[in-house]
């Protein structure tokens, strides 16, 4: 069946497309031959991302799932949701816009098309003018922003004329979609009228009547031992048996009694009996108690004094939490004074109400604490945005500095990344009606005089509050098998419990983080059933920058056959030279089907154990090892192993249940002091990604044949294997710290060149006795994403023994592994970033410290907690658990650990500066490298170089066809070629160029004039034939080319690896570039590699040779004397051509004689 899944997926998409093809234009109202329904957009008119619509709405990114062929071009909304996930397009779009890949509107190219926001777009070849076929279109949709409810109306009258009843009240959603507001429009409340006359349970008895009932879970699993009572009478009247049934005699069948059931670990349930003659029946469903978890956190707000603000908090759980408390700067706010529930509304704000707010939610199972939100209250006349820009240094090209003085920097200014007060600050909405932030109000053009040329630049002259796009977290990545690296194809993706899409053929996925999310819990379900469900908590950048993750799925163990008629034991842990950590004992006769009926016969069991004694298993371990403690805060766990249980009848897809199952853990495997007593058994809640306690452990000695010279001691716990299948042997740990890490663009560790979006992972290691660098096992792991001030990672630490806990720290950016500071021959404080004597106490060692042949992709340290009162340990890099804010706000001069990019031989220069890690810094300008702040298109050209060394290759990008930018510089890109490990003397460079397309005003297309120049004595020897033919067929041609360079007007189409061009479109510029570079290295349009394949998918080839000693480089010669340099190049090429002709002449003569 697994092999049929790809075919099934294709059939589903084909059905979606077929539905569009069969549609006729008369079925629903639609726009034809226009680019935008409801609003006519003609040639030359803009359709910018920020548009003044009546409704609060925004555009999605562009989609293109079909290419013209056959009947035409079909961009079905159903197919878009299938490929990209339902979360990428709202349920009811307001409008739709379509453009060709040349960015032209349908009316501009004279084609008849059909647009319908609820169905999509289609263009039929048979409807076009004679001799014309449909162009290739991409589409985007206009979606309403999240709407909010109005105030509740008054309560209605109590239902019924006597006895208990209920009353209702309603609220209105102002959105035109009606159901766009989250939650219910109706709320019910119990009410009581005077007692009804006649018989009641207290006064009436029916001795011949019988109440028959059952108590089950939502899945139909019967519950044994549930206590049953009548709602109006205290005391237990019955207890459910093994089949979940009970009977109560004497209950009148026509009394419609309310029956209540309770059971430990489950929420109370109630149902009304239904009469059937002298018998009444009832089924009571009990949900398992679940601690509350937050689905909506309060968000930071900026207001002016006198305005109002609303903070919102929403929790879920079983039962649903109804009690909320709000805190200001850690102090509980009076419920009566503020009248709050899940929402806290503050009116007429005063400056003293500024500060930190958070909420707590309760239910029967416990409490949970929300994240914090900061309220900033501005005094009258106080500006929210300082008009003076802050310092922001950009690096100028290497040939623009003074000789021998190092790189030169220029202050181009930046506006602080702060929010501004909402213009509708008095609205009772949870979210602000419009997003306003401090951004660029005015740019100034300046010129930088470099040796031999002038470099234009635009600097920030003034900041101000402007309308801005709300930040969107974006996560992209790839799911692969942990053992083989094969992609997990067409795996279902669940966000909590909601399906949002599938992985692609290469295992790729894209997830847009929902607003107000703090923990992104994602589950990947393998359709073949060969891999464990991969439950991951993926860190992301809430400011909107994209983050890339590689998710490793663990393959299930091979099945073993069990027999239900006998007890079965399955070992936990199968490492060589290591005893099992424990075992599962499944008793005989304990297996059941999902409906509770006993099962007998063979059982196919697959028990997969994640063994922390295998250090490589940390990469594929599920979740992030956290639970909610008694105070409602997230707390870490230290694991001794996780196991997944899959029980099925042979040849059946139905999962079997079993219980109680004994979990036996060898006490000799628990080495940390106090952990034997604290060990507990936990199960994973896949919706929240949090672990929940199942049972404790008790000591028990071995007996029978297990007795040896020394009696083995086991810790034994019990668990029911029902809906949840993933369990954990964990200990809550209170010795916690934070570790500060920063990432840099190169190993010079310049503060102004920090890299954001790097995923830093810390794995806690438990050392073997006497060997701090030789860990026995890993205990937990955590990841964080670097921001403008680095990242703080939680870890276990110890104040008394520095090596009680050690850690392995690694960092990745896309598919690139970063390198930490070296430790050979000894760690240097100025290089590592940590002052002495704390550095010696931490025992810093890079992974290649003992063996230079090892990879240099991480470092190990002792997690020595800073000692109070010691000034040398007061400023990092390890901070106490309660000092998170100090860690996050520490200046760059404070101690921290460092990583640097290995691929550091790159340089980027934009005429209009833009911080790719902060999408809010985008500025609308015709010379902006990225013209659209909602969609970033990265383009790369693969340049092959035949030469004895690696060479720097420059891309010069200027306006090519747009009348307002023609000849003006957009930016420069430098990239050093990378050697092909299998081809000596050959290297290749993946060089970025500015994509052609619409500029930011969306009025007219510009074909970027791109010039590629290697640095050195190089000449162009070959151009990809397909690329050359494409450029010939898409005029205008470029002017006469320099033989030492390659020039083109960049293509409008995303051509692909066959042309040597790599194009990726994404909502994050950083992710788009990382994915495109990975494909360029691999030489394919869907692969990913960090090993250069120089002969695969190249666009242009240069031949380079080493210049004579003392001869200046080509760049320098072109700057000093362009005419002389070009003359030298022509002469060298002529001499090379003559030498080649002389070498090939005799060969042609000999061939001619053979033919004679």
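All residue numbers here begin at 1 and follow the chain in the order shown.
Backbone N, Cα and C atoms are what each Cβ position is placed from, and that goes for glycine too.
Features of the protein shown, as given by Swiss-Prot:
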{"type": "DISULFID", "residues": "158-191", "note": "disulfide bond"}
{"type": "DISULFID", "residues": "162-196", "note": "disulfide bond"}
{"type": "DISULFID", "residues": "173-181", "note": "disulfide bond"}
{"type": "DISULFID", "residues": "313-359", "note": "disulfide bond"}
{"type": "DOMAIN", "residues": "292-376", "note": "domain 'Ig-like C2-type'"}
{"type": "CARBOHYD", "residues": "276", "note": "N-linked glycosylation site"}
{"type": "CARBOHYD", "residues": "308", "note": "N-linked glycosylation site"}
{"type": "CARBOHYD", "residues": "329", "note": "N-linked glycosylation site"}
{"type": "REGION", "residues": "1134-1156", "note": "region 'Disordered'"}
{"type": "SIGNAL", "residues": "1-20", "note": "signal peptide"}
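Between the C-alpha atoms of residue 359 (disulfide bond) and residue 158 (disulfide bond), the distance comes to 33 Å. Ranked by CA distance from residue 276 (N-linked glycosylation site), the recorded positions 191, 313, 329 have 191 at the top as the closest. Sorting the domain 'Ig-like C2-type' (292-376) by DSSP state (H, G, I as helix; E, B as strand; all else coil) yields 7 helix, 47 strand, 31 coil.
Note: the Cα of residue 158 (disulfide bond) and the Cα of residue 173 (disulfide bond) are spaced 24 Å from each other. There are 30 other CB atoms within 10 A of the CB of residue 359 (disulfide bond), with all protein chains counted.
On a Cα basis, residue 313 (disulfide bond) lies 19 Å away from residue 173 (disulfide bond). Of the recorded residues, residue 329 (N-linked glycosylation site) and residue 313 (disulfide bond) place their C-alpha atoms 17 Å from one another.
Geometry remark: residue 308 (N-linked glycosylation site) versus residue 191 (disulfide bond), CA distance 34 Å.
Counting other C-beta atoms within 10 Å of each candidate's C-beta, the glycosylation sites 276, 308, 329 are led by 308. For the disulfide-bonded residues 158, 173, 191, 313, the greatest number of Cβ atoms within 10 Å around a candidate Cβ is found at 313.
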